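Q: Just passing along the structure, written as structure tokens.
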């Protein structure tokens with residue numbers, strides 16, 4: 001689920017530091033058993049995305065390359081995607097704090113290209129934090145995501161909600177994004193733990209604005225209710241890609257209609273709730289398919305949409321089909337706002353937890369609260 005949000009004060013990272021592999025082949029084979037077992041499509045001119053086949057598993061736990069993985073030598077990474085290595089005093093402070101409190105952030109776990117800019121505050125000095133709760137190991141194996149996976153991850157840390165709130169309070173941020181791995185192993189999908197974290201933050205710092213980037217909770221709308229009524233300000237859940245590519249890009253337990261159902265329910269469950277989603281580009285989608293997805297999202301009242309370039313974490317992940325130009329991203333922003341989205345963040349390095357537009361979203365939250373109060 002993880003991988004692509006807006007936030008005010010911003011630091012996104014993931015604590016575990018990967019050890020360098022002994023060799024390229026051993027790294028590829030041991031990367032992630034769940035992900036290696038994900039769909040491996042037969043070579044053909046047409047792919048049946050509704051009935052993917054399961055790849056064979058090597059004796060060492062690795063998986064073979066599928067027809068949608070590997071590097072495409074004809075698709076070169078453009079200059080506009082090249083980033084400097086993260087550094088800076090603020091970056092070091094945030095990293096140390098997260099390690100000390102045993103907290104995870106999606107910035108490091110998902111290899112986000114914006115980690116340096118977010119943690120240091122960018123040109124406007126606004127730092128954005130994106131904390132990842134429920135551990136650092138996902139029960140799903142989406143083929144675009146760098147977060148590690150397991151069928152039976154460790155149980156959630158009961159101290160995580162309080163530690164997260166203490167960390168955020170000490171940083172002095174006023175807009176925080178909380179995301180999580182998928183936890184299909186938990187009865188409520190982790191929604192109760194998620195809600196505890198939000199409440200702990202609001203108790204320590206009532207004025208802080210909280211955005212939650214959630215899983216689909218297996219379509220459990222009661223779990224959605226639990227989180228929506230926890231005190232959060234923005235409910236975010238990513239559809240990730242267009243309808244046709246869902247079974248190729250995402251874990252089979254995820255789905256386009258299921259994600260729409262979650263977003264729709266969050267919107268109607270609480271008056272004034274702001275909803276948000278994200279779409280990756282460069283996976284082989286057509287312009288018409290993107291427009292259809294945008295129309296579906298507007299039909300259920302989604303307020304905020306982000307577009308970003310899909311970047312392949314390793315050769316075992318989905319191949320980049322296209323590097324979309326900054327000009328095309330600008331087009332999608334203009335088009336999205338013309339059809340009614342209240343805000344669209346669109347750019348090659350934009351991610352669902354990216355720090356773009358935090359001031360705008362903060363103002364939007366305040367306006368929505370006032371409108372809801374006036375109606376009631």
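Backbone N, Cα and C define each Cβ position, glycine as well.
So Swiss-Prot has the following annotated:
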- 107, 112, 118, 353: [4Fe-4S] cluster 1 binding site (BINDING)
- 138, 142, 145: [4Fe-4S] cluster 2 binding site (BINDING)
- 1-13: compositional bias 'Polar residues' (COMPBIAS)
- 121-342: domain 'Radical SAM core' (DOMAIN)
Q: Minimum Cβ neighbour count within 10 Å among the binding-site residues 138, 142, 145: which residue?
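A: Minimum Cβ neighbour count within 10 Å, taken over the binding-site residues 138, 142, 145, occurs at 142.
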Q: On the three-state reduction of DSSP, what should I expect for residue 142 ([4Fe-4S] cluster 2 binding site)?
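A: Reduced to three states, the DSSP call for residue 142 ([4Fe-4S] cluster 2 binding site) is coil.
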Q: Restricting attention to the domain 'Radical SAM core' (121-342), give the mean pLDDT.
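A: Per the prediction, mean pLDDT sits at 92 for the domain 'Radical SAM core' (121-342).
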